[in-house]
Each structure stands twice: as structure tokens, then as C-alpha cells.
């Protein structure tokens, strides 16, 4: 029995990046031997064991043979005779096919170290096309390592294109697609994930709502970048710079889906695109089982981003209605999330990336003023039942009016 550190831990150590997870490969062992040493078996499809003390994963060396469509369509051979080289051959990229023994010796049969130095994402073998999930994984690695100047090898991108056209992507489960999406949103450059998917044809298959935005024009005076798809990528890039909250990044990604539905005769204008996008967001979230908190924020941003941009033009009572509708009273963090997404939208335009967004501070002031109204003071004045709610609303509007520098509206 011989144990090797494999995969991301070796790769990230060589890149001098923080190592989060340690995965190990065991050559020359049987499940019975692992169990006798106190390891706990957790793998259903192939033998994976947890170390009795550290809880780290130890997988028996294995080979895989394609037997059916999709991510799980493989038969596995994890016999003790499977070699280190055979196991590494089944992996997706050369940079993920490097092993290290307990003495620190590196094993690199497929030249992953050279590709790390060249900053290239390259497939290990043509068996790459047997697993459609690898299209998403490579796109995610391209996003994750974009700051290190990694690029995808042309021959690998060609295989990704072949996979995207094969119909195999449709066999991926919603959970697997969403997991890769969420991991991609967590990177410093999530827009690269979608740009790569578009380049290889996978965006149209998995995220047609986003693909549909490319080629849709916007008014050049507001959007020097013109193309809605390019704008969306720029907004996502800005959102990643402004916040590490994935729900904000997701909202930025889908905020303009409705523009793809604008009648051609009305282009480049997009009247009511916020409201038109709501059903598209609901459908996408249902399809990939996106968490409710992501969905709800995305719907709010889609519905209200145009109002937020022109917030100083809105009446005080309209603002209080917005606070009610968005339930900011109970979820004040949602206001911050909304404003960050809207700021990203404003900055996600060619040449306007450094522009200030004063709307955020203004709306925060309005909300702080409205929030300062206390229910107990209204009750102390003798109001009861429905009157309390009415007076609370009146006083909140008055406080917002004061922020706007206007005279309070007469109570009715």
C-alpha cells in the first residue's frame, strides 16, 4: 500500500496558493484493508474513505470506463493492481494530475508542472470528452486562475466545444450544474466562467437566458459597450469587486434578462425590461434549484434597479412603499445587497467603471430616517388597531420627506 497527496492540494502548493483540502490516493489496497485500519467508507460509486483522526479523504486508485450518458455514466475499477499513472490518466487537467508522496517526491507523468509554469489549462487525455461536467470545471478553473494569466489550450477548448454539441450537457443534473455555478461565482473573476461557456457553446445549452443577451443592443449614450451580454459580464465583474456575497453576484448576473425579450422594433430601448425579466429568473432558479435567498434578491434587483438609479426623483411615499415591498424593516441587509448590485450595474459600463454611485448613500439616509420612527410613540398617542399602521406609514413618509428637504405631506 502506498499513499499519495493528489489533485488541488499539490497544484495549489506548486502555485504557492493557500491549500484548503487535502485529498489522498491509495495504491495497492483493498476496501477491507482500509476498514481494518480504522478508515470509514463513504463513497457509494467508488471506494472513498475518511481518515479516522483527520477526517480527510482517501480514495483507492481507480480507472473509469464510460458506460452511459452524463456525469455518472461510468463503471469503476478500484482493484489493488491499478497504478498511480492509470489513476492520474483519468483526471481532467494535467495541472490536477500531479501526485506527491510522503517524502515530498512529485510524480508528474502528464507534464502538469510544465503546464503550471506555462499557465495552461490542458486536458490529460481524449477521455476528457467522456465527462460533460468537465466543461463546467475547466470554465471554473479559467475563472479562478484568470488573475494568474491562465489560458485554456486550444485543443482542450476544441474538446469542450465537441462536448457542448454532443447533447451530453443535457444529462447533467441540476445539482451538479448549480454547484459549479456557485463555485464559479465565488471566484475573483466569475465573468470568465460565462465567457468560456459562451466560447465553447455551452452557455446556449445550459443558460440560454444569458446567451440570449449577447447581440442585443442598448442605447449608446447610456451604454457605450452597447451589447447587453457584454454589459452583463461587466456588471458581474464589478459585483465581484464590490462584494464576496454570491447572492449579490447572482443578482448582478440575471438583472437584465428581460432585455432579451424587448421587441426588435423598439431596440435599442428596453421599456419595462425589469418586470419582463422576473419570469425568466423564476424559471432559471427553479430549473437549477437555486437557493431562495439568491432568487429573492435577484427578483428584487431585477424589479427595482431602474428605480434605484433614479432614486432622487421618487416621491417619499414611493420610497416607503419600496421599503415595505422589499421587507427592509425585517431584513435590512437586503437593502445593502440591493444597493451593491445596483452600483455594479451602474459601473458595469465601458468607461464608467470608476464612477461614484451617490444613490446608495441617499437611500441609506432615507431608510435610516424611516426606521427611526418608533411604534411605541404612536401607541402612546392613543392610536389603536389599524390606525397604528396608518400613522406609522405617515410618520415614515414625513421622515423621508425631511431627508429629501421637502415639506412633510399633510396627514389624511
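Cβ atoms here come from the backbone N, Cα and C positions, even for glycine.
Taken from Swiss-Prot, the feature ATP binding site applies to 8, 11, 91, 137, 140. Listed in sequence order, 95, 96, 98, 112, 116 are the same-chain residues six or more apart from residue 11 (ATP binding site) with CB atoms under 8 A from its CB.
Residues within less than 8 Å, Cβ to Cβ, of residue 91 (ATP binding site) and separated from it by at least 6 positions along the same chain comprise 7, 97, 124. What Swiss-Prot records for 8, 11, 91, 137, 140 is CTP binding site, and it gives sequence analysis as the kind of evidence.
Neighbour list (residue 23 (Mg(2+) binding site), Cβ cut-off 8 Å, at least 6 residues apart, same chain): 5, 6, 7, 8, 9, 56, 57, 59. Sequence annotations record features per position, and here Swiss-Prot assigns Mg(2+) binding site to 21, 23.
As a summary of secondary structure, the domain 'HD' (228-329) carries 79 helix, 0 strand, 23 coil according to DSSP. Annotated domain 'HD' per Swiss-Prot: 228-329, in sequence order.
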Item checked: Residues near residue 137 (ATP binding site) in space but at least six apart in sequence (CB under 8 A) -> 92, 180
Next item on the list: Compute the mean position of the Cβ atoms of 8, 11, 91, 137, 140, which form the recorded ATP site, and then list in sequence order the other residues of that chain whose Cβ is within 8 Å of it.
Entry: 7, 92, 93, 95, 96, 141
Next item on the list: Would you identify the secondary structure of residue 140 (ATP binding site) according to DSSP, in three states?
Entry: helix
Check: Across the listed CTP-binding residues, 8, 11, 91, 137, 140, what is the farthest Cα to Cα distance, given in whole Å?
Finding: 16
Item checked: Conformational class of residue 91 (ATP binding site) under the three-state DSSP mapping -> coil
